[in-house]
Amino acid sequence: MDSLHIGSYTFSSRLILGTGKFSSPGVMLEAVKASGAQLVTVALRRFNREQPGDDLFTPLTSIPGITLMPNTSGASTAAEAVQAARIARELSGSPFIKVEIHPNPQHLMPDPIETYEASKILAKEGFLVMPYIPADPVLAKRLEEAGCVSVMPLGSAIGSGQGLATAEMLKIIIRESTIPVIVDAGLRSPSEAALAMEMGCDAVLVNSAVAVAGNPPVMAEAFAEAVAAGRKAFTAGIMEKSGMAVATSPLTSFLGTEA
């Protein structure tokens, strides 16, 4: 089986699903089930068992095969992210943490300096750190060296639906990385997820494109199928582009060349 390996964990699905923006917890749960995702990210504020309306922890962990990846969304500094990660591990018991630090609410770009500092600390504390980062090959390599178990470069701005605007940088990160590269943010359609996988990404994380769809569970299923197809195409070996036409059948001796 062509499995996804992150740290000591193995997943058969290469689609990771976010849980924000859904119209209701019920719709979100149906989408998670339809997606077949095994790794799901949840904001710290959704770990609230005393407020059932805000609690996603209990219903998500009732789905067989689900592993939670808490995230530090809302943190604007490394110190805030580290504190949030420690609380999340205590509440969830999960070793995974998605380090997400975007101090400017206007564009939500991840802060590379604060992200690196937080990731370095958390990796030393035994977390399985998966940082959300700009599509920066140098930063990605530094985070790998700091002990992160994957890097999650953005395709484009969170919730923008602008697709793989960073494709050329993603290709460099994929080529140089020895840990999983997971495209996170900006994907609008299943075809973009398939393209990311064809490029050689190890997985994709999708949230808004599923959450705001007319039928989130069906869209989640479509993304799952696209991710699987893209991965299959990548492993099969995609043909190289050519600057000129290349005949599929030899054109010599067409119906014989005798006079």
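Quick reminder: no glycine exception, Cβ is built from N, Cα and C everywhere.
Given the structure is predicted, the values throughout are model-derived calculations rather than measurements.
The active site, schiff-base intermediate with DXP annotation in Swiss-Prot covers K98 and is backed by sequence analysis. Swiss-Prot lists G159, A185, G186, N207, S208 with the feature 1-deoxy-D-xylulose 5-phosphate binding site, giving sequence analysis as the kind of evidence.
Taking the features listed in Swiss-Prot, we show where each one sits on the structure.
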residue: K98; record: active site, schiff-base intermediate with DXP; DSSP class: strand
residue: G159; record: 1-deoxy-D-xylulose 5-phosphate binding site; DSSP class: coil
residue: A185; record: 1-deoxy-D-xylulose 5-phosphate binding site; DSSP class: coil
residue: N207; record: 1-deoxy-D-xylulose 5-phosphate binding site; DSSP class: coil
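Those same-chain residues not listed among G159, A185, G186, N207, S208 yet with C-beta within 8 angstroms of the centroid of the 1-deoxy-D-xylulose 5-phosphate site C-beta atoms are G18, A157, I158, S160, G161, L187, V206, A209. Within 10 Å of its Cβ, the residue among the binding-site residues G159, G186 with the fewest other Cβ atoms is G159. Counted within 10 Å of its Cβ, the other Cβ atoms near S208 (1-deoxy-D-xylulose 5-phosphate binding site) come to 19, all protein chains included. K98 (active site, schiff-base intermediate with DXP): 28 other CB atoms within 10 A of its CB, across all protein chains. For the pair the residue listed as 'active site, schiff-base intermediate with DXP' and A185 (1-deoxy-D-xylulose 5-phosphate binding site), the Cα-Cα distance reads 13 Å.
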